[in-house]
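Engineer: Below is the structure I would like to discuss, written out as structure tokens.
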Amino acid sequence: MTVERTFSIIKPNAVKKNAIGAIYARFESAGFKIIAAKMLHLTREQAEGFYAEHKGRPFFDGLVEFMTSGPIVVQVLEGENAVQRHRDLMGATNPDNALAGTLRADYADSFTENAVHGSDAVESANREIAYFFTEDEICPR
């Protein structure tokens, strides 16, 4: 297997629930190394830029509103087959379809307020990591 990096967001609803530590424990229990992390409150411009590929879709404005509604935690996770393993840990985008024991089954409130984001491919992970982190902020270990 190949060691990969993936990008992850703990979204405002999970931060508000004080679930950061529990989610980090799940990352580490699943074998991920957290090699970069920061908490921030997205501006509208940052959220629109990050989700630019969804502009024009019916859910875009609501997504931007939600993602700017409170602080988020962004992190870079490293591990074998990290992109797919992180997606498996997150569970289905719609929490109603998420398997028990996944992050979305445990922490999501709705399809939009689904607790976490994760990259869908290595290429998008690289782009998303670069959106929030400089190389100097990433600490391989």
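The backbone N, Cα and C atoms fix where each Cβ goes, glycine too.
Below are the features listed in Swiss-Prot for this protein:
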{"type": "BINDING", "residues": "LYS11, PHE59, ARG87, THR93, ARG104, ASN114", "note": "ATP binding site"}
{"type": "ACT_SITE", "residues": "HIS117", "note": "active site, pros-phosphohistidine intermediate"}
Engineer: Greatest CA-CA distance (Å) over the residues LYS11, PHE59, ARG87, THR93, ARG104, ASN114 that the record ties to ATP?
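Structural biologist: Value for the max Cα separation, rounded to a whole number: 21 Å.
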Engineer: Tell me the Cβ neighbour count for ASN114 (ATP binding site), meaning other Cβ atoms within 10 Å of its Cβ, over all protein chains shown.
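Structural biologist: ASN114 (ATP binding site): 23 neighbouring Cβ atoms within 10 Å.
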Engineer: Applying a 10 Å Cβ distance cut-off over all chains shown, what neighbour count does ARG87 (ATP binding site) have?
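Structural biologist: Around ARG87 (ATP binding site), other Cβ atoms within 10 Å: 17.
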Engineer: Relative to the Cβ position of ARG104 (ATP binding site), how many further Cβ atoms are located within 10 Å?
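Structural biologist: Taking every protein chain into account, the count is 23.
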Engineer: Measuring Cα to Cα, tell me the gap between the residue listed as 'active site, pros-phosphohistidine intermediate' and ARG87 (ATP binding site) in whole angstrom.
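Structural biologist: On Cα coordinates alone, these residues lie 9 Å apart.
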Engineer: Check each residue in the chain of LYS11 (ATP binding site) that is at least six apart in sequence and keep those whose C-beta is under 8 Å from its C-beta; list them in sequence order.
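Structural biologist: Counting only residues 6 or more apart in sequence, the Cβ neighbours of LYS11 (ATP binding site) under 8 Å are PHE66, MET67, ILE72, GLU113, ASN114, ALA115, VAL116, HIS117.
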Engineer: Would you find the one among the recorded positions THR93, HIS117 whose Cβ has the most company, meaning other Cβ atoms within 10 Å?
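Structural biologist: Top count of Cβ atoms within 10 Å goes to HIS117.
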